[in-house]
Each structure stands twice: as structure tokens, then as C-alpha cells.
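Have a look at the structure below before the remarks.
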Amino acid sequence: MERRKTLRKALVCLLVVFFGTGSWVAINGIWVELPLLVSLGIPEGYGLASYIIIITQFANLGPLLFTLANFLTSKDVKLEVPTVYLITTVGWITCLLMVFFWDSYTFWAGETHSTAFLILCLSLAVVDCTSSVAFTPFMARFKSVYLTWYFVGEGMSSLLPGVVALIQGVGGDGVCIANYTYEYESGGKTYQCTDWIAQNKPARFGPEEFFLFLFGMMVLSFTGFLLLNVLPVVKKEHAHDSPSQSSVDTVSSKESNESHNMLVTSTKSEVSLPETAEPAVDLSSPQQIQGRPLRDFVYLFTVLGVVNALSNGILPSIQSYSAGAYSLTTYLYAATLGNIF
């Protein structure tokens, strides 16, 4: 019996890790693949990182719509399950389309653009941004110990694409090789000439194989979620199925009733306060929340906003220029190691 319980917990932990890997694996994978795409001559060049940053900011409409839908629907309606089904399905379909259409270019506004790639990136960004507000509520139905394993899977969503990108590489630096030789006559003399061409050492495998890897990761996440949602054995690890939790809830309910009765009894009697007593803190006042002045919260949220703007917007958008100026290999290391750590 104990062995069966241990195996059940191990299975749930494994499925939770699989589920967690799909949280940000798509955008993290796109980000570490940018150096190779730049080396292959994608039309946006070094400015591709800026496009991805802008697209990701637009994708934050996904979490806003999810939050708004939760606010407008009844408390009994749980939107996280259909939402996770939707975004994980869209995720693996988009990664599969990326394999075939990442290098499909269009000409508009007088320039060549990788329109299909950018549209697919927007789809993946919506998936990953929405996962931040949909995955965690789904995990709330499980015992709290499994939340740790979910965060392990979420960490793998940045580690695994980074490791695969490092193995893939961006190829070697450009070298000149002899294309063919020919004779050139001038002034009665014959010269032996060689035609040289530039050639780059290719990466170990191309973007198509990398996007197939992302497709596999999204399918794995979808499978983990599907099994967590339908397997009967998994439901035994739900938080409300815990006997100890039920007993705690019963005791808490009894204590709450007793406290309520005592509160009602005490409010019926008059309570006189000494004149020297200090006035109570007005918690409804916006100037003071839990003993802290409002300016402290304004300062903290301002610092938080500046740090997030730098780490998620400004610095990533110029990384291709700052690191790529040294070499594409340096750009690869900066993108992958920065994404992992």
C-alpha cells in the first residue's frame, strides 16, 4: 500500500514537471534561437530582438482578457482548465507551423519582412503570457508540495532550450575559400588567378530541428496537463482529498464559530477605554497601510517598474547590438546564459 502511494506521488510529480515545462518554453526557445536566425540572414537582422520585445508586450493582452473573464463569470465557473487546454493546443500547433514557415518572407512598405515568423511569435507570446495566470490556478487544486515541482518544470522551460541552443551553435566565423582558378593574360603575360568566396561554417543543426524540439516540449506539456486532468489516480492527490486537510478544516470551522459567538457576546457589553489610550490606526486611510506611509509603496513600485522595464524591455532589445558587435558566438552565449541564469 505504501509502495503504491509512493509510485502515485512520483507519477504526479513527473506529470507536474512536464506540465510546468510548457509555461515559457516557446518564447525562451525563440529568444535563444535569435543569434542563429540573424546569422542566416533573416530580414530584420539585429533588430529582430526589438520586434520580439514589442510583440511580447502586446501579448500581455492575453492575461488581461483571462482576468477580465474571471471577473465577469460566476465564482463557481473555473476557467483555468479550458484556458490551459486552449493555450497548450495553440502552442504546439504554432511550434509545428514554425518549422515550415519561419523563413517565409513578404515584401511590404518597401522592405522585406519575415511576416509569418513574427505572427507565429505573437501567437506563442500570447500562449506563454497567459500561462502565467492560468497554470498556477490549476495547480492550486493539488497539494502544496506539488507546487515546488511545478516551479522545477518552469525552470526547465528556460534551461532546456538554452542547452539545446548551445549544442546547436551558430556556426564558425566566415572564412574565404578558393572557388576556382583561371588564367588571365595581360601585356603578353599569363597570370594564374583564383576566385575566392566567403563561407560560414554551418550550425550543427538548423532552425527547423530546433523548432521541432520546441514542438515536442509543448506536446509533452499538453500531455502532462491532460493526464493530470483525467487520470483517476491523480485525483487522489488533490488538496481537498486529503484527510488531514479535512480535519483541519473541521477544527478551523469549529474555532471560527466559537470565535464568532464570543465576538457577538462581547459586542453586547459596553467597553470603556482609558482616555490616555492611543487612537486606533485608520486602515481605510490611503496615507497609511499597515503602518507604512503611501510614499514607501510608491517608491517600491516605481523601483519595481524600472527594474522590470530594464530586464524585460530595454536591455534585451539592445542585446543583439551590444553582444553581437563582438561576434555571433558571443551573442549566442549572452542570449542563452542570460536566459538560463
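Placement of Cβ uses the backbone N, Cα and C atoms for every residue, glycine included.
TrEMBL labels come from automatic prediction, so no person has curated them.
Given the structure is predicted, the values throughout are model-derived calculations rather than measurements.
Taken straight from TrEMBL:
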| type | residues | note |
| --- | --- | --- |
| TRANSMEM | 49-72 | transmembrane segment |
| TRANSMEM | 84-102 | transmembrane segment |
| TRANSMEM | 114-135 | transmembrane segment |
| TRANSMEM | 147-167 | transmembrane segment |
| TRANSMEM | 210-231 | transmembrane segment |
| REGION | 240-259 | region 'Disordered' |
| COMPBIAS | 242-254 | compositional bias 'Low complexity' |
| TRANSMEM | 297-315 | transmembrane segment |
- [ ] Could you tell me whether the transmembrane segment (147-167) and the transmembrane segment (49-72) are in contact, taking contact to mean 3+ Cβ pairs under 8 Å with a sequence separation of 6 or more?
- [x] no
TODO: For the transmembrane segment (210-231), find every same-chain residue at least 6 residues outside the stretch whose CB is under 8 Å from a CB in it, and list them.
DONE: 12, 14-23, 25-26, 29, 33, 36, 81, 84-85, 88-89, 91-92, 95-96, 98-99, 102, 138, 157, 160-161, 164-165, 168
